[in-house]
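Under the heading active site, phosphocysteine intermediate, Swiss-Prot lists Cys336. Swiss-Prot lists 1-101 with the feature domain 'GRAM'. What Swiss-Prot records for 124-499 is domain 'Myotubularin phosphatase'. Taken from Swiss-Prot, the feature phosphotyrosine covers Tyr108. Under the heading phosphoserine, Swiss-Prot lists Ser556, Ser561, Ser589, Ser611, citing a large-scale study or a structure entry as support. If you look up Swiss-Prot, you'll see 2-141 marked as region 'Interaction with RAB1B', on the strength of similarity to another entry.
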Amino acid sequence: MEHIRTTKVEQVKLLDRFSTSNKSLTGTLYLTATHLLFIDSHQKETWILHHHIASVEKLALTTSGCPLVIQCKNFRTVHFIVPRERDCHDIYNSLLQLSKQAKYEDLYAFSYNPKQNDSERLQGWQLIDLAEEYKRMGVPNSHWQLSDANRDYKICETYPRELYVPRIASKPIIVGSSKFRSKGRFPVLSYYHQDKEAAICRCSQPLSGFSARCLEDEHLLQAISKANPVNRYMYVMDTRPKLNAMANRAAGKGYENEDNYSNIRFQFVGIENIHVMRSSLQKLLEVNGTKGLSVNDFYSGLESSGWLRHIKAVMDAAIFLAKAITVENASVLVHCSDGWDRTSQVCSLGSLLLDSYYRTIKGFMVLIEKDWISFGHKFSERCGQLDGDPKEVSPVFTQFLECVWHLTEQFPQAFEFSEAFLLQIHEHIHSCQFGNFLGNCQKEREELKLKEKTYSLWPFLLEDQKKYLNPLYSSESHRFTVLEPNTVSFNFKFWRNMYHQFDRTLHPRQSVFNIIMNMNEQNKQLEKDIKDLESKIKQRKNKQTDGILTKELLHSVHPESPNLKTSLCFKEQTLLPVNDALRTIEGSSPADNRYSEYAEEFSKSEPAVVSLEYGVARMTC
């Protein structure tokens, strides 16, 4: 609380950034240790978690007061007008301090207390067991074994303790290969396809320069190739543009020389680096925040940002990986520069295409734990959790979630979860409310003792999983064993519910998704009514001589049925049930639930030119 000088300011205006008439709400602004809270004159609450704040800007004083603009990592933008400049200055300075902490222990997760005892906390962390996940895949087996070479993090600090490697790969080969790979990230197993006996492996770029080679690294790749009894050649996927990889050779890094590695086929897939992605997102947000933009100008700005082209590049890479396994029975080794950004994107998306388990709520959690958290995606740096280098911030994980959303749009019956689940996860990679995404690797998390001092997100999501269920999900999802998405440009849409989730006055529309949810609820209520009626009929059958159920009897069964009275077309829709539990998890009030009104349709085909009123923008190339 030492950073808070002013805790309450009255007569503050909250502007609607898309209103052409500068509409505003007047209320009171509160500053707490964890949140910024605005309560308007109608008692509607707007909660902003300090860790969600990406930037704070105090504009020049105007006749109506001092403007304060807050940009958030979850794409909320708020524009306050504070009556007194001194109060605005105090709030501004406080938010600068509270939104950028210097050490992990000051983050929200270390003070958040959901009133669970130590046993319940531990059970929450034990919910995801990666050893069980590898057993589900079918490893260890005659070709792959669990290695203890990195048990003490001596070979690679950013890898997990337990790693799966080819059975014929000895420890000297592993150690030698690690010395030839950037950050010591040598090739290890990420996913094993039992039916094809093929593997997805991951690593970082080799330190090959223009001519260097390493026999141990060559032997390890050969061991991966031999671990596939069906196909002896393997693909090496470099996820970078070829020019970038060639430029790294000048720095003593680069990519594998095919002359030195037997039975490999090399493939560049051209996903840009974190700096290009950060710039692209910034351009997208600038377009989104422009008031009074025409449809043509919005489309032009969206295309100029390049954002959807980058999403397509990630998706195409995952499709190539999946086809290499399913069509050619080939194992694939994936790497980028350091093996924790683009590599995580491609390995996780490829696994999602191949394995329907990862398309369930629990399976998706396992996938994130496996390919992102355990293998050292730098969540702390990429999400700007601490006051560090802004050039290390990049929306790598956001792109992954967006790719998954596009898959749910193309295959609405194949996923157990709805987009609300993806949005909730995105909320918490930035909230710092739970320990899962804190830190940059497992070793760092163990040193922070996160399992003893913080709580896991996953049990909270599972407890409320009914909120995230996809009503279109087919229990016979085995029909979608392998997903084969179509990546023609016009299949990529602007994800309105991600980037405009808080802009409630921007082209409101009724959600087909919400209609389906309410239809399900109505069907359940009708089924209950039928059972009640049958029970009443059975009880009164001796009294009913003509076999006709009277109006009085119907009324006695269900006298007040709002579901039967309310027309579906005019009923207010809500993507997620609004309750206090949701507020606890999100750090936002029920009345400000941004998921309402904006869900996209799952399977409706749309014309090539679509009004922004429908929340869809197509990419054109």
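Note that Cβ sites are derived from N, Cα and C of the backbone, with glycine treated the same way.
Here the structure is a predicted model, which means the values were calculated and not measured.
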Distant-in-sequence Cβ neighbours of Tyr108 (phosphotyrosine), under 8 Å, six or more positions away
Thr34, Leu49, His50, His51, Ser431, Cys432, Gln433
For Cys336 (active site, phosphocysteine intermediate), nearby residues of its own chain (Cβ under 8 Å, 6 or more apart in sequence):
Ser204, Gln205, Asp238, Thr239, Arg240, Ile271, Arg342, Thr343
The domain 'GRAM' (1-101): DSSP-derived helix, strand, coil residue counts:
18 helix, 49 strand, 34 coil
Conformational class of the residue listed as 'phosphotyrosine' under the three-state DSSP mapping:
helix
Across the domain 'GRAM' (1-101), what does the pLDDT come to on average, as a whole number?
91
